[in-house]
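Notes follow the structure.
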Ligand SMILES: Cc1cc2nc3c(=O)[nH]c(=O)nc-3n(C[C@H](O)[C@H](O)[C@H](O)COP(=O)(O)OP(=O)(O)OC[C@H]3O[C@@H](n4cnc5c(N)ncnc54)[C@H](O)[C@@H]3O)c2cc1C
């Protein structure tokens, strides 16, 4: 018999500093030493619904298996209710609960629901519940909320073409969602509910609760793995452990797909509902789109801007995917780091809302690459490996759930001494640091709600090393502003990964902003576009205007700030801080 585990729950994790931490966990790590007042003033503790930071002890208890991971809690709920779920009757309709999978094509949960509906000759209903609390908890940006609602509008039209209604409503309190879904199922006499799994901690726990609640009411809710090409838990090292490093994980991901080609098979769109469904479910067809919560509204100008930049829905996602792979896919390996121009797919908002599945993206690139995943054209192979990063970070999140609790991947890095300088932080947000590449990128973020991957790395390194500001503030600022904000990828970018794997970012890889600028924006076009104060500077001086007499004159005249820190000094300070934290 497996050892009995402690069951973790949100109440315990949400105690400040994990004060109810398991006593069985390892205790040989220092506890976080941040000054609570400092971090609170800085908006870290003020992250809604969460404690300032989970204790190291509790993190280690997750690592050594003393505390159950949320994904295991969900699996356990599914196992415990399996018999009951299998024996439920057909009911009068089937529901697919949409979350971050807002599309018809290649949607495994929706496809399964549609099959049950078809087999039983009953209609399929789409359900979406918007929760302002969820948006607050995830610091979801107004741009992403708006994009979600626009995507819902397209989804509603697409489903209606199949005579499938999309019922949408707003639930202020997110903990009411499972109960409300059961209520709706009872009202509609639904016995089969499907929904694709999301891997964030609260979402896994919510689904586990729903599985049990449904079973009590003789409703079969089966969560379906869909969001990753290869689902979390499917890959493990030779020692049977979760990979913590990307390169061997990616080798294993490729090998898995070779052995299991069905993982790249795409699900069909749902068929049409029976002919009388429009009449029977007429109320549900008239459903209004939910509104953005007040604190997530865009201005009229922003709304129009983002609508133009990112038209919503899966048709646009397909169009972009095909166009990108045909026109730029083969140049991606060389082009992906070049800052001026568009050399990447700009598909991240569509992946984040689920308008496009990662499977479709990989299968399409594979088809264009003569049906190969790991040989053939370098451009296609590199792009596939980038999409795989998205899977990788979700695997990391499912296995090390404490990263959702304001925690870095390696608990032993908790004790780094950070700065909480609000002026420096504001200069970074406003793109006024005096480092042109950093400022260009931060202004791109403000204007486009998106930033190039290369500059995401540059500005995150600048905030957490040059300014020594607590990386979690940057992580949160990104979520509050990105249209593609995705917890796993964002945390990964800020707090976990680096392509070398041996280098635990954000800690030791310190980017030199000047070198990055000279290398990836050699003629300064990206900077000239986003930092108009420097437009008239000729040649290489644009990268570091105050180091050159003519550059300095233009910069000064146009009010461009001098660098707020000295990179060489900051670098030394960062290395000292990291070393002493690790020695501690
Ligand atoms: C500090 C930091 C924060 C980030 N935050 C996010 C985030 O919140 N949401 C997000 O989707 N990506 C995030 N990324 C990853 C990456 O920057 C974006 O996915 C990418 O820039 C999106 O542009 P694209 O669609 O043109 O990408 P392409 O280069 O065309 O890549 C295709 C897709 O692959 C995936 N991908 C590519 N690179 C990565 C990566 N490093 N990690 C994970 N997935 C990747 C994305 O889904 C992307 O859309 C972050 C990276 C860093 C360094």
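Keep in mind that glycine also has a Cβ here, set from the backbone N, Cα and C atoms.
Whatever TrEMBL says is automated annotation, not expert-curated.
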Inset, instruction - Using TrEMBL as the reference, determine which range in 1-40, 41-80 is annotated region 'Disordered'. - result: 1-40
Legend entry - DSSP-derived class (H/G/I helix, E/B strand, else coil) of residue 383 (FAD binding site): helix
Legend entry - Candidate nearest residue 383 (FAD binding site) in space, where candidates are the recorded sites 418, 471, 494 and distance is Cα-Cα: 494
Legend entry - Annotated recorded positions 332, 346, 471, 484, 494, filtered by Cβ under 6 Å to ligand 1: 346, 484, 494
Inset, instruction - Calculate the distance in Å between the alpha carbons (Cα) of residue 332 (FAD binding site) and residue 471 (site 'Electron transfer via tryptophanyl radical'), and round it to a whole number. - result: 30
Legend entry - Packing count at residue 383 (FAD binding site) (other Cβ atoms within 10 Å of its Cβ): 26
Inset, instruction - Could you check which of the recorded sites (418, 471, 494) sits closest to residue 388 (FAD binding site), going Cα to Cα? - result: 494
Inset, instruction - Reduce the DSSP letter at residue 494 (site 'Electron transfer via tryptophanyl radical') to three states and note it down. - result: helix
